[in-house]
Each structure stands twice: as C-alpha cells, then as structure tokens.
Amino acid sequence: MKTLFLAIALFSAVALAEEKSESAELVPGGEAFVVESVNYPEDASANLKQTWKLTTTAGNFIHLECTDIRLFEDKPCGDWALTFDDGGNVTEMCTTSFDHKFTSKTNTLTLTLRTGRDARGFVACKATATKK
C-alpha cells in the first residue's frame, strides 16, 4: 500500500510540472525585453521550468540586468536555480540579488528558471542587445 501511495505521489508531482517558454529577437538600440517569472512579483509556481530564448544579430551580444532574483541559496544549486546559457557557456545561480548583470559571449542567451516542489522564488530582469 505504501508503495502504491508513493508511486501515485511521484506520478502526480511529475504530471503537475509546468513548462513555459518565451523567445525574443533583440535589436541593438531597440526596446528592452522584460524577463519575469510566472506570477511575479509573487512566488513562481511549484515544479516550474520557465525558459526565455533571446537572440540578436550576429556580432552582437545580449546584456541582462536583473533587479530582483530571489532563489534558495544552496551549494551546489538544488531545485531552485536560474541558468544562463550563452551558446555552451553555462552558469547557474541560486541566490538573492538585486543588481545582477550578465553579458553573453555570443548572440544567443537562454535563461531557464526552475523551481522545486514548493512555490518559492522569482526573477525579474531586462534584456537588451548591445553592439560589439
């Protein structure tokens, strides 16, 4: 009976996972793209995987300014993390920051926010394209 209950609980947790995805093509000198987690400024949903795929023209970069990152601090990062992938260079953070800046090394940047079984943590940033 315990095994059946555990199997149902695990299946329910997996079945309830939420995935969101957005993409944007940024132009140097153009408008900023707002990156906000689901429910911001409230906590993001539990079991969330939210992805933002940002691109700009070849030879340019993507600059990110985050004014509100609140994730569980853990080493190594656990279930709550924000990942920056700029074409193979992957950085992961799980902390609180009100002034985090990141500039990609390529013309693409993929951000992924993931949350654990509790609805906790959120992210708010602005992305712009910058010339070399």
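Each Cβ is built from the backbone N, Cα and C atoms, and glycine gets one as well.
The signal peptide annotation in Swiss-Prot covers 1-17.
The annotation domain 'CUB' is assigned in Swiss-Prot to 22-129 on the grounds of sequence analysis. Mean model confidence for the domain 'CUB' (22-129) is a pLDDT of 94.
The disulfide bond annotation in Swiss-Prot covers Cys66-Cys125 (among others). In this structure, Cys125 (disulfide bond) is part of a beta strand by DSSP. Annotation for Cys125 (disulfide bond): same-chain Cβ neighbours under 8 Å, separated by at least 6 residues, are Val34, Val35, Glu36, Leu64, Glu65, Cys66, Thr67, Ile69, His100, Leu111.
Sequence-distant neighbours of Cys77 (disulfide bond) (same chain, 6+ residues apart, CB-CB distance under 8 A): Glu92, Met93, Cys94. Residues annotated as disulfide bond in Swiss-Prot: Cys77-Cys94 (among others).
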DSSP three-state assignment (helix, strand or coil) for Cys77 (disulfide bond): coil
